[in-house]
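Let me begin by presenting the structure, written as structure tokens, before commenting on it.
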Amino acid sequence: MAATGKVAAFRLPPLPTIGEIIKLYRLKAQKQLSQNFLLDLRLTDKIVKQAGELKNAHVCEVGPGPGGITRSILSAGVEELLLIEKDARFIPGLQMLSEAAPGKVRIVHGDILTYKMEKAFPKHLKKDWENEPPDIHIIGNLPFSVSTPLIIKWLENVSKKDGPFSYGRTQMTLTFQKEVGERLTANPGSSQRSRLSIMAQHLCTVENCFVIPGQAFVPKPEVDVAVVHFTPLVQPKIQQPFELVEKVVRSVFHFRRKYCFRGIETLFPESRRLERTEQLMMTANVDPTLRPFQLSMSQFRNLCNTYRKMCDEDPSLFVFDYREELRQKKKARNLLKSTSQPEEEDQL
């Protein structure tokens, strides 16, 4: 008689609990690395469930730590699990898990921010961007210190279809501080609407799955934690290069409590700032008295498309840096002040 799916499912052999692993290897969360351990396997199972069907899938787990989520991923019946861990203290405990799941686990002692993800999985898993997402998933309980720079890096990879997205529209299930999770999914008009909202939502379907209370972690963080799922879109909502979109969005939110034209002004050199700001806002059909968080995705798209045309006509615009202009003005004032002081002393 053929074995049923449940009977054939992969099961880990009896292992020490996560708490026992922590004691066995004398593991202690390092505050400077914003590490927090999740010991409740019901919660780790719930996180992994948000990733979707993982049976026979290839998964990369970022920062597995003592291996709580790792166990839940393996129990989901994955084909292969790649673990990328920066902290060498966790490697022995992860090797124990690797031995318990022969042939299923690869451990990389390295930094996810520099690891070459385009070589992480077998080539035969690649799918065309227009097709369904590949059978590849990224899952991670991210340290707070790395979560925002990492998701920005991966969003840029989505835009350029490289890194982990050279295989297609690879899905991600990641944890963030609750506030960051709210920013990632905030709608127009929400006080949490931010640069992160636009950059994520114009490239991905972003779902705030559920919130884990801080007391579920060891040590307990001062904030709750959001589990967020990302699926790259077939077509981005703003079809311009990542760097251009990022520059426009960053500028708009430069003065997030003021009218949006104040931030848009920072895209242009002082000499023709007012004229070009008016030109951009009129052509993009955006009300200059809206606050940045009130702008819709289509308004951001209009701003980016219009700014692109202006940059094509005047390439010096794109390389203009508002902060550098401020630095140069301050430097000039200080120089003027230092050269005029001796003259005043001579007169005295």
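The backbone N, Cα and C atoms fix where each Cβ goes, glycine too.
What TrEMBL records for Asn36, Leu38, Gly63, Glu85, Asp111, Asn141 is S-adenosyl-L-methionine binding site. Annotation source TrEMBL lists domain 'Ribosomal RNA adenine methylase transferase N-terminal' at 43-234.
Across the residues annotated as binding S-adenosyl-L-methionine (Asn36, Leu38, Gly63, Glu85, Asp111, Asn141), the widest Cα-Cα separation comes to 21 Å. Within 10 Å of the C-beta atom of Asp111 (S-adenosyl-L-methionine binding site) sit 12 other C-beta atoms, taking all shown protein chains into account.
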